[in-house]
Amino acid sequence: MIDVNKFESMQIGLASSDKIRSWSYGEVKKPETINYRTLKPERDGLFDERIFGPTKDWECACGKYKRIRYKGIVCDRCGVEVTRSKVRRERMGHIELAAPVTHIWYFKGIPSRMGLVLDMSPRALEEVIYFASYVVIDPGDTALEKKQLMTEREYREKLDEYGNKFNAKMGAEAIKELLQDVDLEGEVAELKENLKSAQGQKRTRAIRRLDILDAFRKSGNRPDWMVMDAIPVIPPDLRPMVQLEGGRFATSDLNDLYRRVINRNNRLKRLLDLMAPNIIVQNEKRMLQEAVDALIDNGRRGRPVTGPGNRPLKSLSHMLKGKQGRFRQNLLGKRVDYSGRSVIDVGPTLKFYQCGLPREMALELFKPFVMHELVKRDMASNIKNAKRKIDRQDDDVWDVLEDVIKERPVLLNRAPTLHRLGIQAFEPILVDGKSIRLHPLACEAYNADFDGDQMAIHVPLSDEAQAEARMLMLAAHHILAPKDGKPIVTPSQDVVLGNYYLTLEQKNRLGEGMIFKDTNEVLMAYQTGHVHLHSRIGLSVADMANRPFTDDQRHKIMVTSVGKVMFNEIMPADFPYLNEPTTDNLMNGVPDKYFIDNGEDIHDYLAGAPVILPFKKGFLSDIIAQVFKVYKVQRTSDLLDDMKTLGYVQATHAGLTVGVADVPQLPEKQEIVDDAHKKVTTISKQFRRGLITDEERHARVIEIWNDAKDDIQQRLTDSFDPTNPISMMSDSGARGNISNFTQLAGMRGLMAAPNGGMMEVPVTSNFREGLSVMEMFMSTHGARKGMTDTALKTADSGYLTRRLVDVAQDVIIREEDCGTDRGLLIHSLREGNEMIEPLYDRLVGRCPMKTIVNPTTGEVMVAKNQLMDEQLAQAVVDAGVEEVTIRSVFTCNTKHGVCKKCYGRNMANGEEVEVGEAVGTVAAQSIGEPGTQLTMRNFHTGGVAGGEDITQGLPRIQEIFEARNPKAIATITEVTGEVIAVEENPAEHTREITVQGETDTRSYSVPYTSNIIVSEGDMIHRGEKITGGSVDPKQLIKVRDVLSTENYLLHEVQKVYRMQGIEIGDKHVEVMVRQMLRKVRVMDPGDTEILPGTLMDISEFTDRNHDTLISGGVPATCRPVLLGITKASLETNSFLSAASFQETTRVLTDASIRGKSDPLLGLKENVIIGKIVPAGTGMAKYRHMEPKTVGAVSENVYSISDIEAQMKQEETKE
């Protein structure tokens, strides 16, 4: 076996007929498969043991030689080599064809490769190949032209006229001769000469031909290899035949396709031997050609060959294509051993790094380790007995299992894995029952709930895998989300409710105004029932030595509540005491207003002091973020567990219930509804009189009902009692929002119609009153629309993620610093008056390109290339700096990746990014994962109109990343200057806008309907919009430069996500956008060898120009090209990655003609060939490290391979 980790690249090319014969172990001459009586393979058939190897290990076909000692002997009776039966998966055969046939990929693809080489149209080729016309191969000294087509009749006439002075043939033989005659060097030289003068279509065609001929010339492939004299037969175990019960056989479709080829081939041989008439032979040759076409790519030409039940047979090409093809099914996604799946259940008592593993499942997963341990402890005499013991589930097995799983992390994965937090490592704890227990706080990252979700579990086997699982993947380390650096592990539901209830304050509860010496006293008083949880009390802070109080505060009494004292007990000892849910308290400690002097009457203070709000979900998240920033992973993980326990306990004590009486009724509701009805009647009258159009009427009716609903909603909010259980749930962020209440207590409002609009008749009832039958029916439309939209958009979003991952998977942090001198000027993003992304958000975790100085004092605030954390970024913003030039992924010079300085901080852990981080994949996941949230927004409003509908969301994101023309396209100016006129042109139904620049003046004609956003006298810059809508980035890149286009795309993507309230770090979008703009099209090749019109990587282009300039030549010129992500993925340098993405056959056809070599730089291509991925710990710099031995060598840790070897040994002894 070759060691995949040894080779550097992988090349693909065309196979000549001689090459095919050299691969083969023998010729398949008969179409037979296996004998129906003996079930043994037939001689010379498709399963012949002489060609492909024995069906049983170390045994020839006739049974003369059995056992391993005859290894390598070829049996003199049956001719079968004695070897492992595994060779039937690797040995190929071949079929010698009686007539050459063309390979359908090269004749049929677009553009037809054969057509380009021969300069013939695909239609002409088809006529020749399928025996409809003759083609002139050598006109001799006749008036005929080479490659001229003739019908049968014309051919006979010319024969009569010229005799055998010329040579014309039909079929693949003719094409083969023509291809052999092609003089590559001559044709290339001639085409290059022609290109200098050619224009239009002729030029395009010449460039295409030149491209393909040059590819043949450089790759060493010969054009006539596109025609085959022999075809390979793939190993029999890759096209198996298995017996079903009832004596029938199931076989791979390939066997049927091969059988047809062999049958026709043998018939053709016989006809040729019999000297049959030409017309019969031609027909048989045509049928052979069709049979080979069907074998290679069934259905590419004409009707596909069908099997039983009219099902098209799966050919060799189909085996590679699509989700079920070889690439995506078997190479990129394999099923693995040591894995299982089960339903998940909540494990509220678990620590954050633990998961509950059902006993039976653990026993099966860790079986080899338990077996080894049993033998080691002398509890079983050998591996076999140990296995028996486990199968019987003896009592002493469980103790061994307990010991074996200690310190061995397992991986839990929930599908769909939308981002990298969909797989995390946990330490297993054995539990009873059959369900996996999951920590409640890990649900957010997995998007899991316990309504029947299932999860898969995997066991990392090797020491390295275990170390990586523990160091890099342990759930306790994944507190921040990679997309925005905010905590993803935030308490929700019960935990939020419990902590909200705990920190609630109420006036005049038991023990109000008591003053305590320290926290222990407070807790004792609470436990003995002297004080209520929500009572406001005084507490001396003198004993809290570690907490950051001011000296002045230490001598005073702090006013707080019993619950808050309990809450602060779980916080780190030197963390500020939390008394109010504000950032000020979180960062700087308790404000002075909560302190009273010794001797001051606390009751007087409490009488005038307002009740402080309890801690809601958002504040809990801020606490976690702050603790993570200061104390890092371990302490945060402990805090989360404590917060969880506290929350559950308090939620239980609170005993919150919801009854129908908790849904308040709004007395003035009826009045509001009646009022709206009156307004609608007025509008209808106006419409009937013809004063307004139907569209206006519809819009106004919708507006009236939405206003009525908003009015009811506002009054409901005002009338809610803060201790109402429903309002507590909503206010704390545990469950539900105002829209749910409006539907419960107010009115449901307008419903979505199936056509995507709104129904004019609202549902005026609420759920408490109950809906009428008519209202119920109307509600079902919206609910169904919500469900179907969700289902459709989830698929869309998943496909978007797949394309994003594919285009960016090879972007990895490759070096420390690329040394670029360019940067990106950034400022806050605004849309009109609305803030989309503040400057602070864009600065955190980035490095400035130049030193940042305070504009007023002139002092240096941030040095060049210094990573900005939250404090520095805030300081820069506070100093009044409005724009900063930062290092950006856009301007990074690193080839095939990004450098540390241009990328900045790794958002998932708040540290500077490390070399080897797969930032491309993380970026793709960060953009794709919220895509599903964008889509699922519909789901929760139950189809109520006015709920956020995200039609602009996902489709707009796809439009941007696929570089499609926007729906509402804006007109942009090509010159910088003044708008001198905006005139109407009634004849054309347009308006003319004239912009006068410094050197030239441009006029733009826009339709009447478009919204013009400039007026006379305005100064505008080139690339700016004159009408409303979205700019087409392909126009922008022509008018402005690449950086402006990149910036525009970044702005647009951020706009869509931020409007939805979803935060994504700029750098993720930058990574994706850079991948769309990394190609250039060569305009003038200068003295380089590049062909005009070639699409190539910027880095490769600059390298070629660099070499040309050094040798004193004229450099090539190019222009940047914006590619959509699908196109960019297919244009990658790796043919393996492209082929496994889409259009597999087209990619492989092209790659083989060019003799492409895959440099194996990305992740995908390495996964395909089974090499370790070149990211993270798989990078060369980490792989070639020599481990140092510290201290004595410990006892060797056993591995799976040791145990398997031991089992095999015991089997062979028997």
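Even glycines carry a Cβ here, placed using N, Cα and C.
Worth saying up front: this structure is predicted, and the values here are computed from it rather than measured.
In the record from Swiss-Prot, residues C892, C899, C902 bind Zn(2+) 2; the candidate from C818, C847 listed for the same site is C818. Rounded to the nearest whole angstrom, the C-alpha distance between C78 (Zn(2+) 1 binding site) and D451 (Mg(2+) binding site) is 62. C899 (Zn(2+) 2 binding site) has a Cβ environment of 21 other Cβ atoms inside 10 Å.
In the three-state DSSP assignment, the secondary structure recorded for C899 (Zn(2+) 2 binding site) is strand. Other than the site residues C818, C892, C899, C902, same-chain residues with C-beta atoms no more than 8 angstroms from the centre of those residues' C-beta atoms, the Zn(2+) 2 site, are E815, D817, T820, R887, V889, T891, N893, T894, V898, K900, K901, Y903. All chains included, 26 other C-beta atoms sit within 10 angstroms of the C-beta of C892 (Zn(2+) 2 binding site). Between the binding-site residues C60, C62, C902, C902 has the most other Cβ atoms inside 10 Å of its own Cβ, all protein chains included. Note on D449 (Mg(2+) binding site): other Cβ atoms within 10 Å of its Cβ, all shown chains, come to 11. Under 8 Å, Cβ to Cβ, and six or more positions away along its own chain, C75 (Zn(2+) 1 binding site) finds C60, A61, C62, K64, Y65, E81, V82. You'll find the Cα of C892 (Zn(2+) 2 binding site) roughly 42 Å from the Cα of D449 (Mg(2+) binding site).
Just so you know, the Cβ of C818 (Zn(2+) 2 binding site) picks up 18 other Cβ atoms within 10 Å once every protein chain is counted. Within 8 Å of the centroid defined by the CB atoms of C60, C62, C75, C78, the record's Zn(2+) 1 site, lie the Cβ atoms of A61, G63, K64, Y65, D76, R77, G79, V80, excluding the listed residues themselves.
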